[in-house]
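First comes the structure, then the notes that go with it.
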Amino acid sequence: LPHRMFHDDELEESEKFYVGQPRVLLLIYALYNTLVARSEMVCYFVIILNHMISASMITLVLPILIFLWAMLSVPRPSKRFWMTAIVYTEVAIVIKYFFQFGFFPWNKHVDYTKDKPYHPPNIIGIEKKEGYVHYDLVQLLALFFHRSILKCHGLWDEDEKGDSSSNKEDTDDELSLTGGRRDSSASLKSVNLAASVESIHVHFPEQQTAIRRKSSSSISQLSHRSSFSSHRSKRGKYVFKNINPTTLSLYFLHCKLCVIKSYCGLCRFRTLQVYVPIRQFFYNLIHPDYSAVTDVYVLMFLADTVDFIIIVFGFWAFGKHSAAADITSSLSEDQVPEAFLVMVLIQFGTMVVDRALYLKKTVMGKVIFQVILVFGIHFWMFFILPGVTERKFSQNTVAQLWYFVKCVYFGLSAYQIRCGYPTRVLGNFLTKSYNYVNLFLFQGFRLVPFLTELRAVMDWVWTDTTLSLSSWICVEDIYAHIFILKCWRESEKRYPQPRGQKKKKVVKYGMGGMIIVLLICIVWFPLLFMSLIKSVAGITNKPLDVSITITLGGYQPIFTMSAQQNQLKDLEPHEFNDILKSYRGNTAALQFLEGYGREDITRADLEGNSNSLWTISPPSRQKMIQGLKDISADFRVVISWTIQRTLEEVYPYYIKAPSDSLAKPIKQLLTGMYCKWENITVSLVKNESKDGVREWWVLDQLGKRHKTSQESLELYIFSDKVSPPSLGFLAGYGIMGLYASVVLVIGKFVREFFSGISHSIMFEELPNVDRILKLCTDIFLVRETGELELEEDLYAKLIFLYRSPETMIKWTREKT
């Protein structure tokens, strides 16, 4: 019978209809319901997105109001906020539309000023541009959508808290708000300008009627004052009939003073009308009647961590020059950019302050930090950063991403303030459950350099405790060790291993094989890295300038010439094949050539005429002539009216340009029957004219692959590949450097898992760690509750347990 009472055929048919719909349509229904349930989040997202795209003072107001008003309102933003957002958006649309007309001076050179970050119309948000109002219209649409949702649920016209107390009397003393707590609307209604005017009538015998609070609107205030003034004028006529002229003059003087006082009271009223609600709002936030405690510190920490990663890998977006693609290319030059350093320090400092506030559980400090951070971040991102980077915020994608993640952090912080901090903070958030995921995440957390130590010291500084720092670290280490053991014991219970049964091949080859491959890769990583980084990822480093200078006997150089740009030519395929064919029988030469491709070889064509005159002093010239005429010299000289001689095996045809700065001849290609030490002729040319005698040297190579009729020299340069710029800081250490820095360090780290095991058997092989784990959590609990004497006793018990092997055996036995 009860089932038939609540049975509805239409509802049943509707449910059957929706269940029978396609999955895609059901997904659309679910997304729409999610959108309706979180319509205020849609409004927040659109407002923040509009500000990210526009980045102006007009769009800056609403994001600040979101983080300092809407998200801090309990239980939800009031109607006043949504009306403020709607009206403000409409006004902003009208203002932007008005300033789109071309007769304004700043709209005549839009193409010139559109990218200037400090151009006043760009800062204000009234510049002329295409699609200036698109995001504002979407924002207005989202706000009206949320308004319709609130109206459907009856939440739009709900009565504000505190209306029931509207008939209570308020005086000037109540404006101090020290006697009790009232909401913002009640505080505003309590401001009574008539209180200051009422002091005029203290000399009259009539008894004043109590002035009631009627409404917070200015119309009721003015009507109240006007009625009171008419009452006062009637009383004044009655008094004037019963007083002498002296008293009357004193009364007029007193009235003038009272008028001045009333103006001061009006100014005071206007100030309090703004100040009192704001003060009362934050007072109610810090001292709530009811607190739904929550803990979103982990999510705030993750948001800060994401921002930290964005800074590290996109630090160039926060500096003036954005040429650097990543942090490795800058660190390889031993340079730390100032923008990167400042951003990292600021981000790390905010994370430390946030941790301190979380440990102290101070909502007031978090509110102050939130206000400072919201104003500071917005001022820096939208007024300082565009000047530093010399480009608008809307053109800086990395900064926009960083700001969006920071907005997520602001939202989480506002939620934390609104709900209040938890009364007890126990352990690490990764130690809430005992499974493989928590185990590996916790061990990864402990492997981060200095993170565990920094967290332990910060927790000790900002937590009330009687333990010393060393004792605190000891407890943290014991707890971490016991937690790891607890995870392993729980995994053994989930996946039990029967006695007397050998390990499965899946376990042996899965775990053991992975460790073997990992160790082999670590040992041979430097060789693989140095080999692959240049052969696979290497880039050709072609020469930019090839210069030749020849000096005889230490005298003035007789020949200087260089080749650049068009004189440095790549080999044609047939030329490269000719080189390979000419060394077909030379194993050493072919082995050398195997490491080079056609793109690695450059032919340099140097002009035979020296590019400088031969300037030599007459005494040195005579000595050189005598040396050349000496028959006992090691080279032959051909003498004519110009001096000409043939030099053998002095000009290397092939030169290797390695990654370092020293270029050497290629011995493999310059030995044996395939010797290519080419002969060159050296001639001294004399030119006599009316200007005098000028002399220069001319060199010509006898055997050249690329035949030319002019006097010239020819070189083949083999360029070694070099590492990419982003990996140069690793490859620069060489093989021995990599072995010393990678293999030895990682080897020492791996050795810790395989050595010293016998010394830790007493603390590792614990069958049941529940009692020890409970003792550690008890220490955390009594510390949070303020039982510091009991904390000392439990810590002493823990230390005694680790000092007594027999007690440890009793405590860690399996439960029977």
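Including glycine, each Cβ sits where the backbone N, Cα and C put it.
If you look up TrEMBL, you'll see 20-37 (among others) marked as transmembrane segment.
What TrEMBL records for 37-157 is domain 'Piezo transmembrane helical unit'. Residue counts of the domain 'Piezo transmembrane helical unit' (37-157) by helix, strand and coil are 82 helix, 0 strand, 39 coil (DSSP-based).
Non-local neighbours of the transmembrane segment (44-69) in the same chain are 77, 81, 84-85, 88-89, 92, 95-96, 122-126, 135-136, 138-139, 142, 281, 370-371, 374-375, 378, 382, 392-394, 400, 403-404, 407, 410-411, 414; each lies 6+ residues outside the stretch with a CB under 8 Å from one of its CB atoms. Taken from TrEMBL, the feature transmembrane segment covers 44-69 (among others).
The transmembrane segment feature in TrEMBL is assigned to 81-99 (among others). Within the chain, the transmembrane segment (81-99) has long-range Cβ neighbours (under 8 A, six or more residues past its boundaries) at 43, 47, 58-59, 61-62, 65, 69-70, 73, 107, 121, 125-128, 132-133, 136-137, 139-140, 143-144, 146-147, 150.
The region 'Disordered' annotation in TrEMBL covers 158-183 (among others).
Among the features that TrEMBL reports, region 'Disordered' is placed at 208-228 (among others).
The feature compositional bias 'Low complexity' is assigned by TrEMBL to 216-228.
For the domain 'Piezo THU9 and anchor' (294-531), the model gives a mean pLDDT of 84. Residues or ranges marked as domain 'Piezo THU9 and anchor' by TrEMBL: 294-531.
Annotation comment: TrEMBL describes 296-319 (among others) as transmembrane segment. Within the chain, the transmembrane segment (296-319) has long-range Cβ neighbours (under 8 A, six or more residues past its boundaries) at 325-327, 337-340, 343-344, 347-348, 350-351, 354, 358, 385, 388-389, 396-399, 401-402, 405-406, 408-409, 412-413, 415-416, 429.
Same-chain residues lying 6+ beyond the ends of the transmembrane segment (339-358) with a Cβ under 8 Å from its Cβ atoms: 297, 300-301, 304, 307-308, 311-312, 315-316, 318-320, 327, 330, 365-366, 369, 373, 388, 421, 425, 455, 458, 461-462. Residues or ranges marked as transmembrane segment by TrEMBL: 339-358 (among others).
Feature annotation from TrEMBL assigns transmembrane segment to 367-389 (among others).
Sequence-distant contacts of the transmembrane segment (401-421), counting only residues of its own chain at least 6 positions beyond either end whose CB sits under 8 Å from a CB of the stretch, comprise 44, 48, 52, 63, 67, 71-74, 285, 288, 291-297, 299-300, 303-304, 306-307, 310-311, 314, 358, 361-363, 366-367, 370, 373-374, 377, 381. Annotated transmembrane segment per TrEMBL: 401-421 (among others), in sequence order.
Annotated transmembrane segment per TrEMBL: 433-449 (among others), in sequence order.
Listed as Cβ neighbours of the transmembrane segment (469-488) (distance under 8 Å, sequence separation of 6 or more from its ends, same chain) are residues 427, 431, 434-436, 438-439, 442-443, 446, 452, 456-457, 459-460, 763-764, 766, 769-770, 772-773, 776, 779, 795, 798-799, 802. TrEMBL lists 469-488 (among others) with the feature transmembrane segment.
Under the heading transmembrane segment, TrEMBL lists 509-533 (among others).
Marked as domain 'Piezo non-specific cation channel cap' by TrEMBL: 646-814.
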Tertiary contacts of the transmembrane segment (20-37), as residues 6+ beyond its ends and Cβ separation under 8 Å: 149
